[in-house]
Amino acid sequence: MAGRGGSQLERRRERTPDRGRGSASHPPGRESPSPPPLPLKRHTYRRVVSDQEEEIVVVSENSRSPSPQEQPPPPQQPPKKKPRKTKHVPLQDVSQDSEDEREAEEELGAVGFSYPPVRITGKDGKRSFETLNENDPLTKAASAKMAVTNPLSLPIVSAWEKGMEIMNMLMERYRVESDLKSNFQLMPEQGEVYRRICHLYINEEHRGIPLTFTSNKTLTTMMGRFLQGFVHAHSQIAHKNWESTGCALWLHGCTEVEGKLRCLHGTTMIQKEHMIEMDVASENGQRALKENPDRAKVTQNRWGRSVVQLANNDARCCVHDAGCATNQFSSKSCGVFFTEGAKAQQAFKQLEAFMKAMYPGMNADQAQVMLIPLHCDCNHKPGCVPTMGRQTCKMTPFGMANAEDLDVDGITDATVLASVKHPALMVFQCCNPVYRNSRAQNAGPNCDFKISAPDLLGALQLTRKLWTDSFPDTLLPKLLIPEFKWLAKYQFRNVSLPAGHAETSRQNPFDF
């Protein structure tokens with residue numbers, strides 16, 4: 001019995017199945033393992049002596065009652081696994097709680113504008129949706145704050161849209177014609193719209209503005225170019241191979257040494273004898289007789305016609321034109337030629353004194369910088385092919401008659417004194433004005449571009465005033481005019497490049 005008792009203490013226990021295959025109370029239906037073997041019985045012999053006899057008793061080791069000191073430790077039992085507890089997810093309370101209780105329990109993510117309204121909440125990284133009543137305070141707050149954004153009222157981010165916004169305001173303000181306004185797309189070749197805006201501005205704000213050797217059309221044309229440059233600078237539009245103003249800042253250095261002039265190459269111009277013959281009835285012939293009575297005379301040419309012959313011993317030309325005849329230029333020439341070197345230097349001094357009078361803070365180096373137009377109306381279009389003749393505007397010094405007779409002491413305006421002390425102005429004309437009256441069939445293009453250096457500077461000032469008058473709350477953008485640097489593309493061209501004529505109806509030129 002003792003052996004059976006020991007075996008009962010070490011009886012087999014149920015094995016807990018693996019996770020996911022059941023619990024201890026419901027083991028899976030599989031064959032149970034065999035019980036471990038019973039320990040071997042060890043017999044001991046004990047001698048029992050009584051008063052009359054001696055008896056040997058066989059006592060089993062398992063049946064001995066050990067002493068308290070010799071009691072073996074209880075067998076170690078395997079640790080019991082704690083049963084898994086099933087988590088019951090509480091159902092969402094759909095009762096109508098107060099607004100404070102909702103904010104305390106969950107974080108409100110949004111309130112949709114659907115019908116019926118939906119309350120979107122987020123908690124522990126999860127989103128839940130709840131249908132709200134129309135009278136709920138959250139619904140009223142969402143209807144007031146969550147308005148649908150109109151796409152047409154989004155902030156302007158495109159450069160083209162910024163430029164079109166400015167131009168639409170200008171065209172509306174100065175009442176530009178409807179056909180120009182409807183076809184305007186902020187393209188580089190649409191300079192006529194800018195010129196029209198400046199023309200209307202001059203007629204309204206500065207009617208009767210005094211000009212010297214400058215046509216009204218050229219003044220508004222240059223103002224339109226500057227306005228286009230301001231619009232492009234404001235909208236951050238940049239062109240790779242085209243400059244909207246068509247101008248450059250030229251450090252001429254023609255006033256440093258008396259009697260020394262420089263051409264566009266930056267080299268010193270050479271002195272050359274020059275003889276001019278003009279028709280007696282022409283405007284140039286009459287002007288030569290009035291301005292230079294000591295050097296101009298009326299004679300007969302080799303064909304027997306009466307002409308005004310003007311001899312210039314102080315003519316200046318480019319170094320590359322030293323071996324060329326009168327009005328002839330080499331292929332390396334810059335096209336700069338002055339019939340009177342002293343008058344040309346006087347014109348440069350006049351502009352320098354004129355700018356110092358308007359801007360007293362200028363230093364000597366800044367006063368020698370001259371704003372010059374490089375392109376006239378003939379070659380200002382983007383992608384224009386070089387034509388025959390001069391590639392830059394022609395510079396001609398014009399003398400101001402009767403300016404020397406004015407009393408210097410009676411004039412207080414410093415800008416006027418600059419012209420009195422230096423009675424000559426540098427005038428910029430078409431690149432090739434000689435083609436205007438030419439009867440040759442292969443004559444190049446020409447235009448009536450004509451503006452003096454002081455009026456060109458005045459065109460820039462008027463354009464700035466137009467911007468500030470039209471947009472008082474908008475900062476005047478910074479207009480970037482490049483510094484002049486001599487390039488091979490400015491060379492005089494004696495031969496025009498061949499140009500093709502589009503013929504879209506044929507794929508083969510020899511398809512007769």
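Numbering starts at 1 and runs along the chain as displayed.
Each residue, glycine too, has its Cβ placed from N, Cα and C.
Look at Swiss-Prot and you will find 1-105 tagged as region 'Disordered'.
Annotated compositional bias 'Basic and acidic residues' per Swiss-Prot: 9-21, in sequence order.
What Swiss-Prot lists as compositional bias 'Pro residues' is 69-78.
Annotation source Swiss-Prot lists compositional bias 'Basic residues' at 79-88.
According to DSSP, Cys334 (Zn(2+) 1 binding site) is assigned to coil rather than to any helix or strand. Cβ environment of Cys334 (Zn(2+) 1 binding site): Cys263, Leu264, His265, Cys318, His320, Thr392, Trp486, Tyr490, Gln491, Phe492 lie under 8 Å away, each six or more residues apart in the same chain. Summarising the annotation, Swiss-Prot assigns Zn(2+) 1 binding site to Cys263, His265, Cys318, Cys334 and lists sequence analysis as the type of evidence.
What Swiss-Prot records for Cys376, Cys378, Cys430, Cys447 is Zn(2+) 2 binding site. According to its DSSP assignment, Cys378 (Zn(2+) 2 binding site) is coil.
Other than Cys376, Cys378, Cys430, Cys447, the residues of this chain whose Cβ falls within 8 Å of the Cβ centroid of the Zn(2+) 2 site are, in sequence order, Asp377, Asn379, Cys393, Gln429, Cys431, Asn432, Pro433, Pro445, Asn446, Asp448, Phe449. Secondary structure at Cys447 (Zn(2+) 2 binding site), as computed by DSSP, is coil.
Those residues of the chain, other than Cys263, His265, Cys318, Cys334, with a C-beta within 8 angstroms of the mean position of the Zn(2+) 1 site C-beta atoms are Leu264, Gly266, Thr267, Met269, Val319, His320, Ser333, Gly335, Val336, Trp486. Looking only at other Cβ atoms within 10 Å, the busiest spot among the binding-site residues Cys318, Cys378, Cys447 turns out to be Cys318.
Counting Cβ atoms from all protein chains shown, Cys263 (Zn(2+) 1 binding site) has 25 others lying within 10 Å of its own Cβ.
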